[in-house]
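Listed in Swiss-Prot:
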BINDING   His12, Leu14, Gly39, Glu60, Asp81, Asn104  S-adenosyl-L-methionine binding site
Amino acid sequence: MKHIARKRFGQHFLTDGAMIEAIVDAIGPRPGQAMVEIGPGLAALTQPLVERLGQLTVIELDRDLAARLRAHPQLVVIESDVLKVDFAQVAQALTTTKLRVVGNLPYNISTPILFHLLNFIDVIEDQHFMLQKEVIDRMVAGPCTAAYGRLSVMLQWRYAMENVLLVPPESFEPPPRVNSAVVRMVPHVNPAAVDGHLLSELVQVAFSQRRKLLRHTLGQWLQQKGYADEFDVQRRAEEVPVAEYLALALKLATHSQAASH
C-alpha cells in the first residue's frame, strides 16, 4: 500500500537516487558505528545507511511507517516523538559512549529538535541533518548578517558546522516550496563552560528587537541583573560575535555568584 505524505508531520520524501547517494557519502557511515536516524519515513536514506552500517536505530513517530520499518531485521525502531527521546539512554542501550545522529528533519519542528539534542551533546559524535536551507543559513551565519540570530549563537557555542550539500525541491515527493541542504554538526571538544539557560535568556533578550540598539533591550536587562561592567550596548544584537556573548554570559554568572554571597 502506498504511503501518503501527511502534512501534519511535515512529510516530504526523498526520491532522487543520485542525491541519496551523495548524502550518504557525506555522512560516511562505517560498519559497526552506532547511528540513530530521526524520521526515516519511507527508508530512502535508511536502506543505504544500514547496508554500510550493518545495524541502525531509527526514531519514527508515524505509526504506519514504524510498523513498516519493524519488518526490517537490521533496524531497531523507537516509535516516539523525537522530542521525548532520551539520547543518553539510547547510547546506553547500544552500549556506546557516542552516537552519530542523522535525519531528514521535519521542517515544522527542526529548531526544537536541534535544541533538544543540545541536552545530549556529551553522547553525540556528530550530526548530519537535511533541513530547509534557510534554517542552515541561520545556523552557520556570522555576525553583521540578516541570518545571524539566537540559533546561530546557541549552536555555534557547542558545534562546528558546515553546509555540505544543496538538495533541490525536485529531489522530493511532493516537492517542497523551499530549497533544502545538508548540515554537518561536530561538537566542540572544549566549548566555553557557560550556563546554557543563562546564555539562552541573554541571547533571547538581545535579539528580541533586532533593529534597536542593545541599550533598549540587553542594556536594561543587564541593569536589572545589577551588572555594571563594560559591555558596548550602542550596537545591534547582530553586530556582537558569538565569542562576546559567551564572555558576557561567563562574566554574568560570576557576577551573580558574587552578589549572592
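Cβ coordinates come from backbone N, Cα and C, glycine included.
Features recorded in Swiss-Prot, as mapped to the structure shown.
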residue: His12; record: S-adenosyl-L-methionine binding site; DSSP class: coil
residue: Gly39; record: S-adenosyl-L-methionine binding site; DSSP class: coil
residue: Glu60; record: S-adenosyl-L-methionine binding site; DSSP class: strand
residue: Asp81; record: S-adenosyl-L-methionine binding site; DSSP class: coil
residue: Asn104; record: S-adenosyl-L-methionine binding site; DSSP class: strand
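Among the binding-site residues Glu60, Asp81, the residue whose Cβ has the fewest other Cβ atoms within 10 Å is Asp81. For the S-adenosyl-L-methionine site, whose binding residues are given in the record as His12, Leu14, Gly39, Glu60, Asp81, Asn104, the maximum C-alpha distance rounds to 21 Å. Cβ contacts within 10 Å of His12 (S-adenosyl-L-methionine binding site), excluding its own Cβ and spanning all protein chains shown: 23. Highest local Cβ density among the binding-site residues Leu14, Asn104 belongs to Asn104, counted as other Cβ atoms within 10 Å over all protein chains shown.
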